[in-house]
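> Once you've had a glance at the structure underneath, I'll fire off some questions.
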Amino acid sequence: MASFNWVFSSFVMLFMVGLVSSAKFEELYQPSWAFDHLTTEGEVLRMKLDHLSGTGFQSKSKYMFGKVTVQIKLVEGDSAGTVTAFYMSSDGPTHNEFDFEFLGNTTGEPYTVQTNVYVNGVGNREQRLKLWFDPSKDFHSYSIMWNQRQVVFLVDETPVRVHSNLEHRGIPYPKDQPMGVYSSIWNADDWATQGGLVKTDWSHAPFVASYRGFEINGCECPATVAAAENTRRCSSNGQKRYWWDEPVMYELNVHQSHQLIWVRANHMVYDYCTDTARFPVAPVECQHHQHKTNHN
């Protein structure tokens with residue numbers, strides 16, 4: 001793992017000139033709604049949900065490929081009914097989207113983390129897991145790494161999900177739409193906690209999620225540039241090499257693969273791929289994953 005980190009760092013130094021964005025909140029992001037429900041204290045941004053409103057923020061730019069990271073300290077105590085989300089999304093009815101959704105719970109019960117992937121406007125790819133720590137007690141990093149081969153969801157740099165490019169099997173893959181980065185907190189007690197059985201207890205409001213460590217290391221896409229041109233600009237060629245196009249980023253290394261196996265075996269509580277009530281025939285990408293797992 002040490003060698004991987006060294007190589008990865010070398011790629012960052014060599015290929016990220018002009019692309020690295022690791023900055024204060026206001027340099028990368030702006031509030032998107034309920035501005036009075038966001039406050040900053042030094043390097044920490046706090047978003048609150050009360051009976052009046054939730055709130056959210058969004059990146060000032062859109063990006064094509066790279067890695068986005070934020071450190072979040074989730075709502076403490078009784079967070080039932082609340083959802084805190086961190087995600088990437090493009091625009092329009094055929095949008096692509098990569099979601100982290102943190103589903104609150106009653107005091108003492110663990111948070112559920114739901115991930116989802118939308119491709120060309122179609123989602124229904126939920127996975128849920130219980131984290132191996134209490135995410136409300138301290139800040140932890142949550143990242144999405146995206147290139148033309150895979151989308152990797154990471155928690156404290158441990159991969160918890162991989163969505164692979166299977167275009168060779170006729171499965172669409174999100175690689176042609178620039179994506180913004182977003183976060184929000186809102187009341188979702190109709191579904192968030194135990195399927196909506198546990199409602200938000202407003203006597204515990206305001207519910208506060210705290211953020212720091214804002215990083216976007218990717219290819220910024222001007223709004224005036226056509227999507228096809230952005231894809232070309234943000235892909236490596238003979239003149240330039242981007243770190244996300246290096247072979248080491250095409251798939252997980254052995255250590256990361258073992259980490260993902262551990263997460264799936266010990267912490268996953270729901271996988272759409274095994275939900276035969278919803279999908280009597282497993283989605284094609286799931287068949288690929290099951291074959292790969294059996295092969296390994």
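Keep in mind that glycine also has a Cβ here, set from the backbone N, Cα and C atoms.
In TrEMBL, annotation is done automatically, which means it is predicted and not curated.
What you see is a predicted model, and the numbers here were worked out from it, not measured in a lab.
Per TrEMBL, the feature signal peptide maps to 1-22. Annotation source TrEMBL lists domain 'GH16' at 2-211. Residues or ranges marked as active site, nucleophile by TrEMBL: GLU97. Residues annotated as active site, proton donor in TrEMBL: GLU101. According to TrEMBL, the N-linked glycosylation site annotation covers ASN105.
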> Taking every residue in the domain 'GH16' (2-211), what is their average pLDDT?
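Mean pLDDT across the domain 'GH16' (2-211) comes out at 87.
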> Which residue, out of the recorded positions GLU101, ASN105, shows the minimum number of other Cβ atoms inside 10 Å of its Cβ in this structure?
GLU101
> Report the same-chain neighbours of the residue listed as 'active site, nucleophile': residues 6+ apart in sequence with Cβ closer than 8 Å to its Cβ, ordered by sequence.
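In sequence order, TYR87, MET88, SER89, SER90, ASN116, VAL117, TYR118, GLY123, MET179 meet the Cβ cut-off.
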